[in-house]
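Student: One structure, pasted below without further comment.
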């Protein structure tokens, strides 16, 4: 549906841009919308051509009653359409779309759309159908406010909720408006991007709309480079990463010069690698990230230094146990330690020694049984008890020395004797089996006592597979915070997390484990194999198999149906009315004949409603006699000697069979015999009976029946329709016109004399055309009823116009009156008031301005209008004066906003620019005194605003 507008508000933006910012609606009328009570409904706005952004609202019946938006009613600011999730009786009336330009504040109204209720029943309950949804991809700029709309039709009225598909929380800064139909994310950032879901849900089911919010922006650093210190012959790796859309490209500079990949220098995207660092590599480095939106730099300095060995990250084991005759390797791997150089005296020269403390000589003797490996580790084979003691690894190079000490315990050949020398590991708090519900979070404990001289490692497995805490970090996390605890937290548990969990604890001496079973209860899985066993004209026999109960017994099943005519899936009536969890068959009742149906089944338990089954095959019900008669049978109008009969077509889903058509019956009011005719098209909504003997505007009794392949149905109730009337036969008299301003004239007339009941008058049509225009191009304005005067606007100033009036009715227009002439007044002054000066004193503000002089072709200035308001108020008040000054009270609470314009017989002239006078504190006002004043002269091109205390209202 499109619409025609009334009113054409033009603001200053029209003059600025040289074009009309918001055109009128083109369509003059809109069709009546007929819906069932309980059904969802959409009214289209169809805004006219425009420039700039628009906002939308809807008037209900008459201004200023606007449609209140709540969980049942929603106005999309993207399309302007009005959505009603579930129509109620109170919604019946006329709806008018109001379109406002946000730049100029100009506004146009569409033609009203009547909404009525159908009389063929009430819509049953059905699952939500999302009608307003955001695009699949929503590109969003950094720092902007992103608005996502979502609204659904349904019965009962659906609730709207929002979530992220990746499991992350909706940003806390996000705001929900209009009963969650609008999600607003201010200051959009990279972390706000992702897949968002709008969930519409009621007791009959739910539906989901999804859209990807993508982020674009100029480059912004995610990871900068920082100053680095590297030892000679080490490697340096720098990585810088920047966000941005499109994805930024990278380049590197060294001391301001472009750095190219060669030899030891490798570049890959935002990564710089320098191997075998030398002193010449020292300097200032810059990573440059850029895309078409901008360029950014990150700087860091590389200092090349010599570094001695370091054991801070690779200490020797606290305790190493070995049996007599066994073999042991004590690792010695200091950090930043260079391997032995080729020649002594090189910068990286290093040596390593292993020192035995508390046993043996001061230095370990190198012998076939004891060997120092190339990496500095110590290997002892055929261990004897004399090898026991503390071992210290000492690493030395040109820049320093470092050491680390560990102990070697040698026991007898029996393995148990090794274990007996340390405290055994014991589980103190073991995980225990739990029974949880989907969505909960739990902690499985695993706490031990152990010999603190031994290193201990905790691992967890789930159903025999080790848990990867990095890969599965969204749900699994190691908690505890101490070396004796390896508790497992499971967040937002899903059905897939049910199973066996094992905590495994291991030291160099022993290992043990503890297990627990996790049972996860959730809504049932979808039922299976839904089958239509038998179908009649109004019933269908169904059967199905139960799905998984997910550890909570199924308590009931609900059957849903869908047809080509339904709004999504709807719950249907069944026998038995309530299907318990042990019943797997049901008979669906109350179906419409000759309609194609498919069915699905939904299971529920104490946890919630599960996912629906897959749909059954599609089957059509059998034919039956039609039962629903046409609604809103009426008519009238048409051409001479015609009887026009109209009705609302019966929807296809209520026609009950093929070969559907209508039987139209009519008779003159007060007679007995009916005349009948058959209209064979199921889409027909109108029949015209033509007969030269039909008297004009005479009453007829009319009814419309239905039929199909099975036979004839019943007729609609009898209603009275009038035959076509004749157009008015006489012209209006005593036509007068007078000029109101440069753009408006008023015209009045007297009704034509009585015409012996022929040519009923419904209203009058005024035609107005300029002297230099053709009469057939005249502007036409229609009145309704017995109104005998009207105003004609949007005329040219100081121009001669002709006006004529004629009566009209449904048959057409009557003869025209003689034309009368009128000349519009001269245009108002085009020059705005200038040289505006304001002075503030103890309690007043005095405004002064230069007198405006009208041009020869303009109306003389009769006075001035001072328009004013508070800064945060939308309503404007006005003071009229014939002077060039005015006094106002001081603005203590808010800024003043003011503009001044002259007025004349031709109307209001050009307005000054808006002026602002800032509010004045009480202390300042008292301190200024009556002898103190402040003056401010405002140029014509400045934009300053003022708000004033109202003395009189517009």
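Positions of Cβ are set from backbone N, Cα and C atoms, glycine also.
Bear in mind that TrEMBL entries carry predicted annotations, made automatically and left uncurated.
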Student: With TrEMBL as the source, which of 814-835, 836-857, 858-879, 880-901 is set down as region 'Disordered'?
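Tutor: Going through 814-835, 836-857, 858-879, 880-901 one by one, TrEMBL flags 814-835 as region 'Disordered'.
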Student: Pick from 612-637, 638-663, 664-689, 690-715: which range does TrEMBL record as region 'Disordered'?
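Tutor: In TrEMBL, residues 612-637 carry the label region 'Disordered'.
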Student: With DSSP as the yardstick, break the domain 'Fibronectin type-III' (526-624) down into helix, strand and coil residue counts.
Tutor: 0 helix, 46 strand, 53 coil
Student: Below 8 angstroms Cβ to Cβ, which residues of this chain, lying six or more residues outside the region 'Disordered' (612-637), approach it?
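Tutor: For the region 'Disordered' (612-637), the nonlocal Cβ contacts are 34, 116, 118-120, 205, 526-528, 530-532, 535-538, 540, 542, 544, 547, 560, 562, 569, 591-602, 643-650, 654-658, 660, 662, 702-717, 719, 721-724, 810-811.
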Student: By Cβ distance under 8 Å, which residues at least 6 away from the ends of the region 'Disordered' (814-835) in the same chain are close to it?
Tutor: 727-733, 735-745, 747, 749, 752, 759, 761, 767, 795-808, 849-850, 852-855, 857-859, 861, 864, 884, 900-913, 937, 940
Student: Can you count helix, strand and coil residues in the compositional bias 'Polar residues' (814-824) using DSSP?
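Tutor: Breakdown, helix to coil: 0 helix, 4 strand, 7 coil.
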